[in-house]
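Visitor: Questions regarding the structure given below will be posed in turn.
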Amino acid sequence: MNILYFLIGTSVIMALLFLAAFFWALKNGQHDDMYTPAVRMLFDDDKPEEEKAEVKE
Amino acid sequence: MTSSDTSIKTLCFHCGDNIVTEPLIVDDKLFCCAGCKGVYQILAQNNLCSYYNYNSSPGEKKSYTEQHLEYLNEPGIFSKLVDYTDEKRTLITFYIPAIHCSSCLWLLEHLHKIHPAVAHSRVDFLKKQVEITFDHHELPLKSLVEILISIGYEPLISLQDIVKDKSNAVNRELILKIAVSGFCMGNVMLFSFPEYLGLSSLEHQFQTLFGWLNLAFASVATFYCSRDFFVSAWGSLKNKVINLDTPLALIVAVLFMRSAYEIISGAGPGFSDTLTGLVFLLLMGRWVKQRTYNHISFNRDYRSYFPVAVTLLNEEGIEVPVPINDLEIGARILVRNNEIVPADSILMKGTGCFDFSFVTGESQPQSKVLGEIIYAGGRQIGEAIELEVVKPVSQSYLTRLWNNEAFKRSDQSKIKNFNDTIAQYFSLAVIAIALVSAGFWWYMGDTSKGWDAFSSVLIVACPCVLALSTPLTLSTVLGIFDRNDFYLKNTDVVEQLARIDTVVFDKTGTISCPETNNLTFSGELTLFEGSLVSSVARNSSHPLSRQITKWLDGKDYLKADSYREIPGKGISAFFDRHEVLMGSRSFVSPQALSLSNASTVHVRIDGQYKGYFKINQKWRTSLKDLIVSLKVQYRLHVISGDHSDEKKDLMEVFPEYVPMLFNQSPQDKLEYVQKLQVDQNVVMMLGDGLNDAGALRQSDLGVAVTDNINNFTPGSDAILKGSAMGKLPQFISQAKSAVLIIKCSFMIATIYNLIGVFFAVQGRLYPLTAAILMPMSTITIIILTNLANRYFAKKYRLR
């Protein structure tokens, strides 16, 4: 049963790691804007052939 | 005569508006105006036409006004506006009200295609902000703003936006605390679980370890996560009042001390699970309460109306932009068409014609002559004028209103909410029960049981339901209101709304609808004359002219040979031998007596008087029903800064006994509300402009009515969209129900608490009982409040 001491220690350390990851994400501003990234990812990449489009006055 | 005559409707490719005149065509695409066409051309040149792919006609129509942005290059103003700057790059955040769809987002994040000096731009959609990193040597700030304006995204630069409040930082800390307390709660639950099931002799070796681990987590929850509760409780005790945080702090402290004692002495498992769970739930309650609207500002004052800088004329007569706060008495300033007079000043040169609509509510522009004093807040219409400042900005007629003590009062000092009131009695009752039961056991000679009972009572009689159910209920109500275009500043406003008994209406812009004015023409106009009038009016930017153009929609456009606009008087124009005069009565026919009847435009063609346009204010569509349902329960009042011409029309809507006041200055309005409050009325004020700002602030519940929630609204407790005004009685009913729900949930919580106290006074409260009772009552309350709120929303037909 002594193995439980090790397991408990590991579980607490792992949980602390996850908490630290959350801290990092929050400090990094990842939770500041919860809406825009969802829209942004839907944009297409720019098409290179459009480059030659000319404007008629 | 009306727009229904136009049988074929063509829509502008850029803004999606109906094209009424000859469309402008570029690349086989139709545009309604040069502005829209211009934006398209810029985008096409820069290969940004994907803008039109994400949404059809994503643009917004912009009336072109000449902008003077020289001030943006002044180092003093520049450094105030930017977030960060060094040799190579500058970071600035703009608030752009026009952001409304994914196309906007796409375009603003591709600014680097328009100008290579833009390194990076990032949009925060909900806040309607864009953060731009650029090289200010290659692209001065002024040019950057001009680019934004040219593509139809004019940033809003005002004094108040310079002083950005850092509310975000506070919120982040709360989220951190919630995360930590959730972490503690989860782990403590895990380690407490064996205890709930009962430990076999083999597992007893772990009991001490689990206990100490729990204590470690509990101390984090106590000393870090619930710090705010202790601070707030201490603060209120120092002021000799008890708020809701006082009993909460007491309970957290007692829970922690008892757990620590039990674990250290090995007497038992302690209450770490209850403690961490409680802290987590309490913080969640706080978070729900902090819910705010990113895109709406409730704290605007006059500074957001005023420009950042004004054009100063120095001794040599050279124009220099200066920040508005640096304006000194005696300074000569230049105010151009459509600019706002920043401080009380004397007219020195030019013809002044001022639109004071947002200062006084008076809709008719006033003309001023040389030497007259112009009050701050007037918008100049017509030519550029020179003024001499006589009072500093903060001491002006308009801005002095903000020196009133109503503005110095903090929000908290409004009437106490239910929670804080009940918290006092609750805390006293709990402490009394705790002392009595402790005293009983001491008297019986069982000291340890006395301690036990004392702490148990405090633990179990937790008012956490109050701290949780109230914000939950109220924030649900906020959500319901939000879907119905009624935006409240915070949850306390809901309780305030339930309490009001008097409603004060402002007239102009609040109960009258600014957009759909009712234009009537008295007289006869032939089709040709109609197009003459329409063509004249089209050339003018005066609001009345624009309405006439709209009214004579679809008439042929004739080109004027000569055109002259005399600000404050009227327009004269020649069309191929036809002379057209439009404007005030004295201007059109000088011999006639000048009648001071407001809002009329007289027309004379070829020396012959043709008649006049009259603008009748139209009441909001729902007003009649609103008044009918409100007058039963509430005392109504009308105060207006406008003239009393429309009193007769108002009488049709309002019952006779309703007091109506006209020609009221902003200060008068404030004092009127104050007077009502002295007479023990709980006043709700509905207003729209800066002229109502004082009254809105003074009232118990200030509601700003607006047709576009992104528009400027004065500082207020709530913002109501004009179209939702008819739902006001339902909103009030919903608020009242919400208060009822809170009281009911308090009753239920009390029943749970009494069960708990029953065990506690006997000193028989086991950690497991506490750990079960608390979540049970919480879950019951959450379900109940949610269901009840939905039921009432359905009942009042609020989506």
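Using the three backbone atoms N, Cα and C, a Cβ is placed for every residue, glycine included.
Grabbed the feature section from TrEMBL, which reads as follows:
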- B:12-82: domain 'Putative metal-binding' (DOMAIN)
- B:307-402: domain 'P-type ATPase A' (DOMAIN)
- B:174-193: transmembrane segment (TRANSMEM)
- B:205-225: transmembrane segment (TRANSMEM)
- B:246-264: transmembrane segment (TRANSMEM)
- B:270-288: transmembrane segment (TRANSMEM)
- B:422-444: transmembrane segment (TRANSMEM)
- B:456-481: transmembrane segment (TRANSMEM)
- B:737-759: transmembrane segment (TRANSMEM)
- B:765-789: transmembrane segment (TRANSMEM)
Visitor: Restricting to CB pairs under 8 Å, which listed stretch, B:174-193, B:205-225, B:246-264, B:270-288, B:765-789, is in contact most with the transmembrane segment (B:737-759)?
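Guide: Looking only at B:174-193, B:205-225, B:246-264, B:270-288, B:765-789, the most contacts with the transmembrane segment (B:737-759) come from B:765-789.
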Visitor: Counting only pairs 6 or more apart in sequence, are there at least 3 Cβ pairs under 8 Å between the transmembrane segment (B:765-789) and the transmembrane segment (B:422-444)?
Guide: no
Visitor: Let's see if you can do this one: DSSP helix, strand and coil counts over the domain 'Putative metal-binding' (B:12-82), in that order.
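Guide: Looking at the domain 'Putative metal-binding' (B:12-82) with DSSP, the answer is 27 helix, 7 strand, 37 coil.
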Visitor: State the non-local partners of the transmembrane segment (B:246-264) in its own chain: residues 6+ outside its ends, Cβ under 8 Å from one of its Cβ atoms.
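Guide: For the transmembrane segment (B:246-264), the list is 211-212, 214-215, 218-219, 222, 226, 229-230, 232-234, 236-237, 270-272, 274-275, 278-279, 282, 423, 426-427, 430, 455, 458-459, 462-464, 467.
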Visitor: Which stretch, B:174-193, B:205-225, B:270-288, B:456-481, tops the Cβ pairs under 8 Å count with the transmembrane segment (B:422-444)?
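Guide: The stretch with the most close Cβ contacts to the transmembrane segment (B:422-444) is B:456-481.
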Visitor: Which residues of the same chain, at least 6 past either end of the transmembrane segment (B:174-193), have a Cβ under 8 Å from a Cβ in it?
Guide: 210, 213-214, 217-218, 220-221, 224-226, 228, 269, 272-273, 275-277, 279-280, 283-284, 286-287, 290, 767, 771
Visitor: Mind checking which residues of the chain, 6+ beyond the ends of the transmembrane segment (B:270-288), have their Cβ under 8 Å from one of its Cβ atoms?
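Guide: Distant Cβ neighbours of the transmembrane segment (B:270-288) are 174-175, 177-178, 181-182, 184-185, 188-189, 192, 211, 214-215, 217-218, 221-222, 225-226, 228-229, 248, 251-252, 255-256, 258-260, 262-263, 459, 462, 464, 467-468, 470-472, 475, 767, 770-771, 774-775, 778.
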Visitor: Please compute the mean pLDDT of the model over the domain 'P-type ATPase A' (B:307-402).
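Guide: Computed over the domain 'P-type ATPase A' (B:307-402), the mean pLDDT is 79 on the 0 to 100 scale.
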Visitor: Using DSSP, how many residues of the domain 'P-type ATPase A' (B:307-402) fall into helix, strand and coil, respectively?
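Guide: The counts are 14 helix, 36 strand, 46 coil.
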